[in-house]
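**Student:** Before we start, here is the structure in question, set down as structure tokens.
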Amino acid sequence: MTLAISHLARRFGATQVLRGIDLQVRQGELIALLGPSGSGKTTLLRIIAGLDWPDAGTLSFDGADWLGKSAAERRIGFVFQHYALFPHMTVRDNIAFGLSVLPRSERPGKTQIAATVDRLLAFLQIGGLADRYPAELSGGQRQRVALGRAMAIEPRVLLLDEPFGALDAQVRRDLRRWLRGVHDSAGTTTIFVTHDQEEAFELADRVVVMNGGVIEQTGQPDEIYDHPATPFVARFLGLTVELPVTMRAGRAHAAGLDLAALPRRAIPDGPATLFLRPADILPVPDPQAPFRVAEMATTGALLRIVAEDGTGCRIESEVPRRDGRDLRQGQPVALRAVAGQIFPGSGQQPAQPIHTPMTLKEARP
Amino acid sequence: MMPAATPATLAPRQDRRAPLLLIGLAVALTLFIVVVPLAYIFWRALSQGFAVFAQNIMAPDTLHAIWLTTVVAVITLPINLVVGISAAWLIARFTFPGRKLLLTIIELPFSISPIIAGVCYLLLYGRQGLLGPTLAAGDIKILFALPGIVLVTLFVTGPFVAREVLPLMQAQGSEQEQAALTLGASGWQVFRRVTLPNIRWALLYGAVLATARAVGEFGAVSVVSGAIRGQTNTLPLQIELLFNDLNIVGAFAAASTLTLIALVVLVLKTIIEGRTR
């Protein structure tokens, strides 16, 4: 275990931004802090970096307390969302900056610094850009330079704030794979912040889902995707269909729904809420069922179907277009759930309250 | 939008008279408001030949006025730079009670007539003033001496540097500085290698404006300097004095010096700016 965080709390004025964060990061791990705006993920990253300090809690690295240390003493690499490259320096000077500000006694010689920079330029595949200024680079190139500048000081932990937030979709995907490659060959412990679940799941060894200043769930991408631990995580990961069900002997029941595919759950009998992804719902023609196909629209590969019962309950599902060939507008259908998550309590009162307004942007000091 | 250099064949024919009229008007105004008066200064100064011009410049009182003006500019510039950068940095990077007030105070000299500044200093430091007796007891001479001139000049030139640097600092934010900190730079290294290069042109521009103003300030200085010939007369005051003495060539010679300083400063700024990207 390298980085240990416990009971971390931070308040900006009346807003409690972090409310007790516990997290352990192992050497060489690639961690994603995933959450909506205002979930506190950037604040957590800045506290780890030493750009901000908590009101309570502890932060230590390899057993040594980090809260008493400045950002420089911690030797972290921080990559800002908008890169914060030095506009008056060439790419080479930007990357060399961390080495050139070392105290004279520790500072490597000029040739040694140049060699380190050349090695990094080659490693990051930006060798041809060495003498350009940041204004002459594209967004993706700036991102690589920013990473190179942070890696030049051989940081103990690499911290990236929304690393791909300012890039367009294609560059994002390329850079994502590239960053995974860089991490795998450099082996630096890396933590990055994102609000994009695809990004988090593709890149990270472990994803930390945050909301309202608390960690909702920590786990490997598949684990979180298949087994969201809280209603918030379920909603955030696209389980947007919420249905009231009744639990009996560990199984969920509801009129017109075929829930036999769901595993038994240790949830007491009574009302519960079922969370489903539209893609995990299959409408099956059934003359006895209360649902009717109200809308059908194609996206090319998928068929988007809205089923409606008489009471105004509308359920959206997505099926491959081929599987929906037999469906017609107005046809009675039963809905078969292929996979889903059940939480005790009725949908109107979520088992765990969602505390943070989603619009709240992390306040900055 | 400027009309294209070569109008497209099918573009509708435009009436060229209105643009020409406006351009002519602009040229005429520039000529009579700026160019002719400036040229006239040099023409009058040299009207009786270069020898008389040089003789007038070399007159001891005028020479002393040039010297005094230079001293005032040299003293006020570094103070203006340090205070201006500090104030801008404080306002751009921190939120603290009184931040708005500080901003207002910095801008105050812009909205107050310089002569009022002079009168205020007179009332404060003068012999009958608030601090007069104390200063007299300590044998400290502020009014009608160099300290007084420097003080009012600082008051008048105070806003320039901060006013030029502040918007830039606010626009750039503090991320670059934070990045430098995480890379291990000390506070001084951050300032010298990141903050300063980012604001250098605004800083230079502010310094040029402040210096030009310091050299040319008349109203405030005239109140506190006492205009003692060869002692507390700055160049602008000397010009007025010569003019009132009906020494036309002398007045224009001194004025041409002042103008020359301004022109040199302007050209320098343009050259330096042109060399950077």
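Please read every residue number as a count from 1 along the shown chain.
Each Cβ is built from the backbone N, Cα and C atoms, and glycine gets one as well.
Automatic prediction, not curation, is the source of TrEMBL annotations.
From TrEMBL, here are the annotated features:
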{"type": "TRANSMEM", "residues": "B:20-43", "note": "transmembrane segment"}
{"type": "TRANSMEM", "residues": "B:63-89", "note": "transmembrane segment"}
{"type": "DOMAIN", "residues": "B:66-273", "note": "domain 'ABC transmembrane type-1'"}
{"type": "TRANSMEM", "residues": "B:101-124", "note": "transmembrane segment"}
{"type": "TRANSMEM", "residues": "B:144-162", "note": "transmembrane segment"}
{"type": "TRANSMEM", "residues": "B:202-228", "note": "transmembrane segment"}
{"type": "TRANSMEM", "residues": "B:248-268", "note": "transmembrane segment"}
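Buried or exposed, and what's around them? Tell me for each listed feature.
**Tutor:** For the transmembrane segment (B:63-89), the residues of the chain that approach it from at least six positions outside its boundaries are 57, 102, 106, 146, 149-150, 153-154, 157-158, 160-162, 164-166, 169, 195, 199, 203, 206-207, 210-211, 214-215, 230-238, 254, 257, judged by C-beta separation under 8 angstroms.
Under 8 Å from some Cβ of the transmembrane segment (B:101-124) lie the Cβ atoms of residues 87, 90-91, 130-131, 142-143, 148, 151-152, 155-159, 162-163, 217-224, all in the same chain and six or more residues away from its ends.
If you look at the transmembrane segment (B:248-268), the same-chain residues 6 or more away from its ends with a CB under 8 A from one of its CBs are 38, 41-42, 44-48, 52-53, 56-57, 59, 62, 65-66, 208, 211-212, 215-216, 235-236, 238-240, 242.
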